[in-house]
Amino acid sequence: MKIGFIGCGNMAQAMIKGIVEAKWIQNEDILVSNRTSKKLEKIKDLYGVSTTTDNCVVAKNSDILVLSVKPKIYSLIIEEIRDVVKADTLIVSIAPGITLHQLETQFIQTHKIVRCMPNTPAMVNEGCTAYVMNANCDNTNQQIIEKLLSCFGIAASVDESLMDAVTGLSGSSPAFVYMFIEALADGAVHEGMPREMAYQFAAQTVLGSAKLVLASGNHPGICKDQVCSPAGTTIEGVRTLEADGFRSSVMEAVIAASRKSKGE
Ligand SMILES: NC(=O)C1=CN([C@@H]2O[C@H](COP(=O)(O)OP(=O)(O)OC[C@H]3O[C@@H](n4cnc5c(N)ncnc54)[C@H](OP(=O)(O)O)[C@@H]3O)[C@@H](O)[C@H]2O)C=CC1
Ligand SMILES: O=C(O)[C@@H]1CCC=N1
């Protein structure tokens, strides 16, 4: 089996790293194309994958074909490759806001199409991907797509109506989390902590807190209450976060990203 990527940017590189490390298929059976060659040279040097600047070479030879370019050039890319994609190739879209129906109408043949929303923590095997398949896909296709997505984290099948919310949450919120880590560190730097130490402590604290929510199965509020001693230090911080609209602000960010994905 050959897996192709058209576009070798941040998200494709994260997915390729996971597939290579999972040792699912031979590295040379990962085919990657990109507009320019610099990223291709880097990824070929790193993993020995097959690279080209000709998108049609990848499209023609792939059993699974991931369209990993920006949404605004999806139509252009589909127009470029649609005559050469094999009828039984499983097409994987990772673009926000582009529906299965839109994808089906842009291809000439009746293809098996999967709409996914991955995220960049795939780079460290901690990705979180939701997917929905079109009606042409069968159980075998689902097993293959689960296997692919599990190479770099967890995968969950969702109703297509949820894909925009997924984009706002797991797709986009890594950026919000990095802003949170930066802000936590800045607070500690303000109080005199060296910057490198502040980033390490902030990131480890976010990692550990997330692991505790997942491992305990507790409501996040219970985990929060376990940190807040009566009349202690933490509740002082909680008070200022509430006064500054922290939770509302985070909710608004997820809603804004979801709405953008919906095209609103
Ligand atoms: N980044 C993220 O966190 C996530 C991204 N996505 C989605 O993944 C997709 C890719 O995003 P991302 O990786 O971040 O974007 P990048 O900008 O990092 O990568 C896009 C790549 O597409 C290449 N490209 C541009 N035009 C062409 C072309 N005509 N033919 C072949 N390759 C081309 C670019 O090449 P060049 O460098 O030469 O311009 C670039 O390497 C998008 O649809 C995005 O919405 C989904 C989930 C999360
Ligand atoms: O910002 C974006 O549009 C993409 C989709 C989700 C994450 N990055």
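Yeah, the Cβs are placed from backbone N, Cα and C, and that goes for glycine too.
Sequence annotations record features per position, and here TrEMBL assigns NADP(+) binding site to ILE6, GLY7, CYS8, GLY9, ASN10, MET11. Long-range neighbours of ILE6 (NADP(+) binding site) (same chain, six or more residues apart, CB within less than 8 Å of its CB): SER33, ASN55, VAL58, ALA59, LEU65, VAL66, LEU67, SER68, VAL69, ILE77, ILE81.
Here TrEMBL flags ASN55 as NADPH binding site.
Per TrEMBL, the feature domain 'Pyrroline-5-carboxylate reductase catalytic N-terminal' maps to 2-96. In the domain 'Pyrroline-5-carboxylate reductase catalytic N-terminal' (2-96), helix, strand and coil residues by DSSP number 44 helix, 19 strand, 32 coil.
Taken from TrEMBL, the feature domain 'Pyrroline-5-carboxylate reductase dimerisation' applies to 160-262.
DSSP places the residues of the domain 'Pyrroline-5-carboxylate reductase dimerisation' (160-262) in helix, strand and coil in these numbers: 88 helix, 0 strand, 15 coil. Just so you know, of the binding-site residues GLY7, GLY9, the Cβ with the fewest other Cβ atoms around it within 10 Å is the one at GLY9.
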